[in-house]
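Listed in TrEMBL:
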type     : residues : note
REGION   : 1-33     : region 'Disordered'
TRANSMEM : 98-117   : transmembrane segment
TRANSMEM : 123-141  : transmembrane segment
TRANSMEM : 148-170  : transmembrane segment
TRANSMEM : 193-213  : transmembrane segment
TRANSMEM : 220-235  : transmembrane segment
DOMAIN   : 226-394  : domain 'O-antigen ligase-related'
TRANSMEM : 241-258  : transmembrane segment
TRANSMEM : 265-283  : transmembrane segment
TRANSMEM : 386-406  : transmembrane segment
């Protein structure tokens, strides 16, 4: 809830949730704290997150991205943030200049591209996701209320998508897996099969961070929300998200304290019990041999066999990685240019690579989706932006991660610890997830808002 404009309340807000805005713009926190919640610029950041829930109709799957309502909200967020920074006394903290190297690298890659006009949309998207929206979030976040708005939007979106996805899995109206519509995908549909899992993963990280840092009734509510998100995460059948959430939870526990980290084994054991009891979630029944606990067991077993006996999905992923490396070797310094991977894929692809991936759900029916990226963000940047872009990208994420972890370990206030744990957990999640995925689809803007929140915390 927003605090009212007494001097004592303003001082409390500034002391308990100091951020770059309070440190660099004296008097800013006071003005923000007295404004109604709906007039805060951070409402646009929350709206960007919430609007990803709006279903997106994609008739042409060969197009890498479509403009959505969430994109429109992100543009409004950037415009309002720019107007905010034009006011006297407003400025961004010095550490946000870590976004400069990625800007230089992707611009150089675009200029050096064989088809500059085709690379311009990729340049715009990259700057939107990793520079403009994160900087806008840094500009509009000022105090605890702003953090509540953004964090609440992430958790609310995760719970909503999780509820839809769970219903899909339980009623057989989700995306197709092994011939049955049992995969939870939320409102994103089968064409963005990782969308719901990504959003639910973010919400789980935020809820777990609050549960670790807070006390009393608030801790119970946060941990309850985290527990509610476990089921849709399992029902998403997303192996990559399972790994990312596990790594994020471990990182948050270690950051919180060694004593708490010891309890990670108990959490892992509880997760195993939940997976073992998956038939109770309703995935069993007369749906064929590849359902219920057999489905989950197969997905878990495939993680361990992904190196020795990869399935078709993993084999295609390895082929895409090989393709990305081949594209990079032709232009090692600046890469082939943004959005060049689809055009160059077939000339560098190994023979075993599939021509596309099959998707199906009751709404869109069967569709064949082209492979437009290597499903590895690091290799995507390397192939399209070369060593220059990959170095800048890793430097950006690495610095923000180190700054977040350092500050999180120093803080003692429960609210500061919650913000620090959420930022550290999110970055761990993203660093792991980028090994087998990249940006694409509406959930990318949730990633961008979360990245801006982490940058705000790191830059303090």
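Any Cβ shown, glycine's included, is placed from N, Cα and C.
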Criterion met for the transmembrane segment (148-170) and the transmembrane segment (98-117) (at least three Cβ pairs under 8 Å): no
Cβ-Cβ under 8 Å with the transmembrane segment (386-406): same-chain residues at least 6 beyond its ends: 95, 98-99, 101-102, 104-106, 108-109, 130, 255, 328, 331-335, 377-378, 420, 423-424, 427-428, 430-431, 451, 454-455, 457-459
PLDDT averaged over the residues of the domain 'O-antigen ligase-related' (226-394): 80
For the transmembrane segment (241-258), sequence-distant contacts whose Cβ falls under 8 Å of one of its Cβ atoms, 6 or more beyond its ends: 194, 197-198, 200-201, 204-205, 208-209, 212-213, 233-234, 264, 267-268, 271, 303, 405, 408-409, 417, 420-421, 424-426, 428-430, 432-433
Contact call for the transmembrane segment (123-141) and the transmembrane segment (98-117): at least 3 Cβ pairs under 8 Å, seq gap 6+: yes
